[in-house]
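Working notes for the structure below.
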Amino acid sequence: MTAAAEGSPPLRMTRARRNALLQSEPVQGLALISPTLVYALILLVLPILVVIAHSFWTQHYLTIDRSFTLENYRIALTEPIYRDLLWRSLYISLTVSLLTVLLAYPIAYFISFHGGRHKSLWLFLITIPFWTSYLLRVMSWKVILGYNGVLNSGLMGLGIIDEPSTALLYNSSAVIITLTHAWAAFAILPIFVSLEKVDRTLVEAAKDLGDGPLRSFLRVTLPLSAPGVISAALIVMIPTVGDYVTPKLVGGKDGVMIANAIQAQFGKASNWPLGAALSVTTMVIVTLMAGATVLVIRALQRLAR
Amino acid sequence: MTAVRRFLTGGWLPAYAFLYVVFLYLPVIFLPIFSINTAATPKFPLTGFTLHWYEDLPRTPALLDAAWNSLIVGVSAAILSTVLGILAARSITRYRYPGRRAINGLIMAPLVLPEVIVAISMLLVMLQLGLSLSLFTVVLGHVLVCIPYSMTVLTSGFEGFDRSLEEASADLGESAFGTFRRVTLPMVAPAIISSLLVCFTISLDEFIIAFFLTGTEATLPIYIWGQLRFAAKLPGVLAPGTLLLVASFLLMTIAEILRRRAARRTQNEGGLYA
């Protein structure tokens, strides 16, 4: 740029250099991705920064007081109601991710090792229900577990129970069942991908060296698929902690989760800073829990070898 | 002893896989079943076949409005996110530059963040910017969550795309536009259409972001949510729910067939399902 003032020959050189720069891979690549990147920056990064900023502010009716305070975090972490909701959300998301991974692993293993020619058909069959509306899937669990629902009326029809059970719907178990069903496919895919990468000759070698099927699975296949198990656990744990629809539809009073409290702060209660602090707290704690999960799985992996 | 042996060698796996698929499909199948049942509550035994829940649909103006809104939002979100997805996927698959992985991670992040938090953060910014909430703000939100899916579909279509084909076409005297139209486009078209369908389906089914970012206009999931509060209206929700279910099912099947065709053309496997 400064070379422009130095006369024409250097100018031509700079232009040539600039053209070379413009045609270089990094510049072209970055230029091409910039619209998408800018979009993500404006609608994802900026909003999250705004939420973090709000969490340190205070709301007086309609105006926001922008002086720094940690009061919202004190409320979020010590008020029994929010503490309980946070604990319950963490408990539910941990249980759900554990269940989905346990239930999904054999399926991923079956498709990867015994799927044969039909691998992609199996994957398609398993993922297709998950492209249907999440709201509708939660709704169908309400239909199944309800007082006058499918399960109660079915069991009564079969003579197994005499009167409808109220224990099925509106509690945290109902939330856990629904979420486990809703996230099943998301756990299968990463585990499947990592199982596909397991070198089959290693499994063969373990068997040739005298390991039985269980031993070779525990010492070769399972540790090698740990990365898939980790991503499956995280991909389920992080989004479920902030689930709103499921607790609202099937959770009842005992199944309320933190997202419902966050929504209330942005709706009826109209306390944005507290809602923001609750969101940030949830994200930080779930990130810590995710980190701990990764460490535990890695430790187990080392132990198995 | 044989039972233990069967367990260890995985003889139970096919049976387990079958049961698992049943577990995945069963809840979803109850919606269509009860949508053609005469009883007003979804319970067994079934009372009889009727289509009258469906016949009521065209006579519900709120539902028709919601369907129309969903269509507008879905089409806009699909086009916008696919355009942004094409740029990003092409950049990621074609060029090598520092920060590529980090940028990719950022663009894919909405996939793994709690939707409520994504939604309320966008809501805060939009209100601060003085945007009034409308279908437009819903489109903005949907594009953000659709881009990762669009990227996944398109990357699998673009990866392994042989640039020498384009160069050969140019060397043989095709113009830049001719090369694009006759070489590039046919190769990537299935992936692009697949991305459009996937994004449309996601937008059509998406609830949380639409719920927070819409003004007074409802999309289909918001309409269904509103009706769910009244137990008496459940059968009236099962019918549009079933239609939505069937639509997603068909769209995703077509999208997957196209994606596979695209992947085959560029001799590349993987993507959405692998």
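From the backbone N, Cα and C atoms, a Cβ is placed for every residue, glycine too.
What TrEMBL lists as domain 'ABC transmembrane type-1' is A:86-293. Residues or ranges marked as transmembrane segment by TrEMBL: A:37-57, A:90-108, A:120-136, A:143-161, A:173-195, A:216-238, A:276-300.
A contact between the transmembrane segment (A:276-300) and the transmembrane segment (A:37-57) is present, since 3 or more of their C-beta pairs, 6 or more residues apart, lie under 8 Å. Between the transmembrane segment (A:90-108) and the listed ranges A:37-57, A:120-136, A:143-161, A:173-195, A:216-238, the one holding the most Cβ pairs under 8 Å is A:173-195.
Using a cut-off of 8 Å between Cβ atoms, the transmembrane segment (A:173-195) and the transmembrane segment (A:120-136) share at least three residue pairs, counting only pairs 6 or more apart in sequence. Panel annotation: around the transmembrane segment (A:120-136), residues 107, 111, 182, 184-186, 188-189, 192, 245 of the same chain, lying at least six beyond its termini, place a Cβ under 8 Å from a Cβ of the stretch. Sequence-remote contacts of a segment are chain residues at least 6 beyond its ends whose Cβ falls under 8 Å from one of its Cβ atoms, and for the transmembrane segment (A:143-161) they are 168-169, 174, 177, 250.
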